[in-house]
Amino acid sequence: MDVWSKKLPGIITQVALILFSSCGVTGGEVCHSPLVSNLLPSSFRSSSQLSGSHGPGFAKLNRREGAGGWSPLSSDRYQWLEVDLGLRTEIAAVATQGRYGSSDWLTAYLLMFSDTGHNWKQYRQEDNIGAFPGNTNADSVVQHKLQHRVTARYVRLIPLDWNRNGRIGLRLETYGCPYNSDVVSFDGHSSLLYRLSPRLRQMFRESVSLKFKTLRNSGTLLHAEGRNEHSLTLELERGKLLFILRKGQVSSPDSQHLVSLGSLLDDQHWHHVAVEHHSDHLNFTVDKNTVWLQIPASFSHWNHDQMIVGSDRVLSSWRSVGSNRNFCGCLENIIYNGVNLVDLAKQRDQRVTVKGNVTFSCVEPIFVAMTFTGPQSFLWLPRVTEAWTMGMTVGLQFRTWNKAGLLLTFELPHQGGAAWLYLSKAVVYLQIHKPGRAPLELNTGSALNDGQWHSVLLISRRGHLTISVDGDEGTTAHASPAFDVTSAQLVFGGCPTDGSSQECMNPFKVFQGCMRLLTVDHQQVDLIKVQQRLIGNYSHLLIDMCGIIDRCSPNHCEHGGSCSQSWSTFHCNCSSTSYSGATCHSSIYEQSCEAYKHKGKTSGYYYIDVDGSGPIGPQLIYCNMTEDKTWMVIQHNNTELTRVRPSQGKTQHSAHFEYASEEKQLAAIISQSEHCEQELTYHCRKSRLLHTPDGSLLSWWVGGLGEGQIQTYWGGAPPGSQQCACSLQENCVDPRHHCNCDADHMDWANDSGLLTHKENLPVRALVLGDVQRPGSETAYRVGPLRCHGDKNVWNAAFFDKETSYLHFPTFHAELSADISFLFKTTSSSGVFLENLGIKDFIRIEMSSSTEVLFSLDVGNGPLEVTVKADFPLNDNRWHHIRAERNIKEVSLRLDELPGASQKAPADGHIHLQLNSQLFIGGTASRQKGFRGCIRALQLNGVTLDLEERAKITPGVQAGCPGHCSSYGSLCQNQGLCVERPNSFSCDCGSSAYTGAFCDREVSASFKSGTSISYTFKEQVVNVLNRSSSVVASSVHSDMTLRAENISLSFRTSQSPALILYVGSYHREYLALLLNKHDKLEVRYRLDSSRDAEVLRSNVKRLASGHLHTVTLCRLADAVSMQIDQNPKEEFNLTSDVEFNGIRLMVLGRLYTL
């Protein structure tokens, strides 16, 4: 039977097991067997023991032999207890207990794992938390289930803290199950070649998975290819794993798909890799991180017929760049489409060719590293040779993320002086100070803070000094000092802080990172003896492990932000994004034109981010801010009137429309808008639109999201009606047809209207079916998509009792959360929002009439940030709150006040785990509820529909009126704020301005001797022309006025000057002018038999060239006049109070009265 064609259920189960289980057992088995209780005493080791009866062999859970557990000679953080499980084992949990009958127990500890008893790896919860909480007494058992199981042979526990009334005391147990695997080892010159049998049919899902461990940061794990010139490669490059799909023999962007995942994978620990290939995408997994990759149809079937493992040696004509990219290390459980390739090689299957020294066990060298964790870390070593006065050679390897740090320092002999080998700006410097001589400085290398291992070699011999970085592949610097550069003792990483070494001074930053392969005078330093205090001295070092963490993998910088890091934290550069914050989470743009309007913006192009912090990016959109509505206008590739003429051999005309916004952006805009519309116009001459005479369909359009749906109605008609607007209005040119153009007349006609059903927008395509007949002429236009009314901005609820609240599903925001809303209230305190977990919580509240508090707990203890205003917040005006939480910080902003923030612990819990309902306007305990309005509540860019929930919730009302108290100031130039149910608008009727905020001046510039006259139409003329497009005046010649309201602005440097004149058929008039004293006069002649009455203002210097605003109001004989912000002046007329037969109005110079 062909191995590659087997379809046995057992094989399928094995694939699922290896791909989806982190251990070698199926999901049904319980991996919780005790692993320590039956071990021999020889399986236990420790740093020290208090006595023979306190030895490590007595550290078994619930046992009382010896002194009832293990206790070291000294209680400090350099102690450890180690257990050898005998074989690599799957470990699922660990339990601790204090020493029996004593006051000795641990309160916190670190957990380490290893395959060899060296190169320990610290277990971290959430990839960030190192410490496990311990016990509170000597007898109770505290068990921790590991969030992800670990495969290891050796377990080491390091005490961090203990009962201060006792000492370190420990009994322990680990729980798990056996682990079985097939392992193969490559030495960098060996490989395995597999000839893969062709499969009889294409598999629904193809897959490859394996585990690997290595000390080299580059090398090809496997490469597979087929006769169709498709190839697959898994390649390690600078500690990151590349997955490469190629088509053809030449690499190009179109023929290659590459994705990178993981980091620091050259740490000599096992790493899991899996690739699952589906028809149009694949999932690429490294350890616990998975990326989803869309692939083109040309890669839909792998069909590989050969694979090479451990080498980049050519299979056909393809070759990777580089002379030797072979893998050096161990691979485990290589499963390709359900077949264990390592097992085939072990069985010496004829389809497998072995080249070089391939062994079926993991042969790995022992490199002991040490970690410098912080400011107190150092290593002091004496020179062991007596010939130190003749010079010296010091070598080391280091890896770090920091740009600066001391690597090595030592005192110079003979009258003192010192040398420092250090990093600065990611370059290695050697600086030597000798009394009486000029300082000596050398530097070499660059970009050495990349997390890779770099070697440094310092050689001082007979007046010649050399520092080299990265050997033959790196750089070297030389000097020839006139003095000896040597010392009897060396200090690495930093200086002791306890004053024990007065000679050691460090003017530079301490080193944080890892070192290994320390050599002094060509002799390698035994760091295990250093750990045992047999050589030198040290403090705050983790020996036999490298604790470096890549805080940028996975990248927590959102929206394409670039990540950089130091040893203890990371930084996001958001400059190339449209987002801000510590993790580039929050958009710098508003979510709609409506939101820009409420910032006082006028019509123009603005970037709109429809989902805020969500995945949809911003787009440039035109916002048309009218007095009544705020329109978002989305253009497409053809909004002009397009003429269509008959074309030979062409029976239809089709047009496709591409929009300036992407699909997701369009969907969000349409969804969040109250109303959307798109104009559809068809001009015709001898060209039918929808139907032939027999009723057959001629034309249609395609609309809606995605590919859209065919629509057979026209603008102004309802969906599915197969009609035009004239049919609904009952004014089609031919009543027998439902569209004007379907009458098929020789005269020009048109069918036009608006498409307003949002589910059918936007228009994607248009097909016109009657364009081929001789003499037919057609023109069409599809206007831009226009939407108004942001449902998110005005979605509000009023909480009229402190015990009332709304509840929603749990807020899921484990790593990042942003919360934005507006509120107004008359109360002095109250909780806006609360969501609880078992221990975690998140809450925003008004803690006083001037303070807003944002608090949360992700497991590190409560974190609070407060913003205090210098004005009352309970003023019944809208106030804006924006709160954000990410793994770096918690921040809070209130209105336009300076924001406040608190840093999160660098190595604390990062996942916010909530499980209760989300409470809005109250709390789960119904304490400290909020009384007032909450509006536009968004969580991670998603609006919560407060109004819909409020409609079914007692004590809460949907909506919240009273917007003019907050936004009325936006109405300028005496414009009046008008309340609307879910908005406001500015009434500019009493202002000489227009626009959304009465900010656009309606003006004209007059030269000397020029004027504008406006003749009021007679009422009878308006009656005869009701169907005319001319806008009729509201003032008619037969109207009698007993009151006027006049508002205008003017600017002039001349006086006297006539500004305004209103005359009548009866020689009555009203005139507004500047007199020769630069003061304003109003002249009323309302009785043609009497002289005009003159009303003079006291405001001076009005011909100053500055803009002045005048408001004139008359009611019968009472007249008021106000100029700019001056006090209103009152007058009374003594003549007639009726203004009869108004004829014209003149602005500017008047020749005759």
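Quick reminder: no glycine exception, Cβ is built from N, Cα and C everywhere.
The disulfide bond annotation in TrEMBL covers Cys933-Cys960. Long-range neighbours of Cys933 (disulfide bond) (same chain, six or more residues apart, CB within less than 8 Å of its CB): Ala796, Ala797, Phe798, Phe799, Phe823, Lys824, Thr825, Cys960, Gly962.
In the domain 'F5/8 type C' (31-177), helix, strand and coil residues by DSSP number 9 helix, 68 strand, 70 coil. The domain 'F5/8 type C' annotation in TrEMBL covers 31-177.
Annotation comment: TrEMBL describes 183-362 (among others) as domain 'Laminin G'.
For 368-546 (among others), the entry in TrEMBL reads domain 'Laminin G'.
Marked as domain 'EGF-like' by TrEMBL: 548-585 (among others). Counted with DSSP, the domain 'EGF-like' (548-585) comes out as 0 helix, 10 strand, 28 coil.
Over the domain 'Fibrinogen C-terminal' (584-636), the average per-residue pLDDT in this prediction is 91. Taken from TrEMBL, the feature domain 'Fibrinogen C-terminal' covers 584-636.
TrEMBL lists 795-960 (among others) with the feature domain 'Laminin G'.
Residues 594, 597-598, 600, 602-603, 625-628, 630, 789, 794, 796, 824, 876-878, 933, 1045, 1047-1049, 1109, 1111 of the same chain lie 6 or more positions beyond the ends of the domain 'EGF-like' (961-999) yet place their CB under 8 Å from a CB of it. The annotation domain 'EGF-like' is assigned in TrEMBL to 961-999 (among others).
Positions annotated as domain 'Laminin G' by TrEMBL: 1020-1153 (among others). Counting residues per DSSP class in helix, strand and coil order gives 5 helix, 61 strand, 68 coil for the domain 'Laminin G' (1020-1153).
What TrEMBL records for 1-27 is signal peptide.
For Cys960 (disulfide bond), other Cβ atoms within 10 Å of its Cβ number 25. When Cβ distances are compared across the two stretches, the domain 'Laminin G' (183-362) makes contact with the domain 'EGF-like' (548-585), since 3 or more pairs at least 6 residues apart fall below 8 angstroms.
Ranked by Cβ pairs under 8 Å to the domain 'Laminin G' (795-960), the stretches 31-177, 368-546, 548-585, 1020-1153 are led by 548-585.
Counting residues 6+ beyond its ends, the domain 'EGF-like' (548-585) has Cβ neighbours under 8 Å at 127, 240, 262-264, 289, 371, 399-403, 451, 512-514, 607, 609, 613, 617-618, 815-816, 818, 884, 886-889, 891, 906-907 in the same chain. Helix, strand and coil content of the domain 'EGF-like' (961-999), in residues and according to DSSP, is 7 helix, 12 strand, 20 coil.
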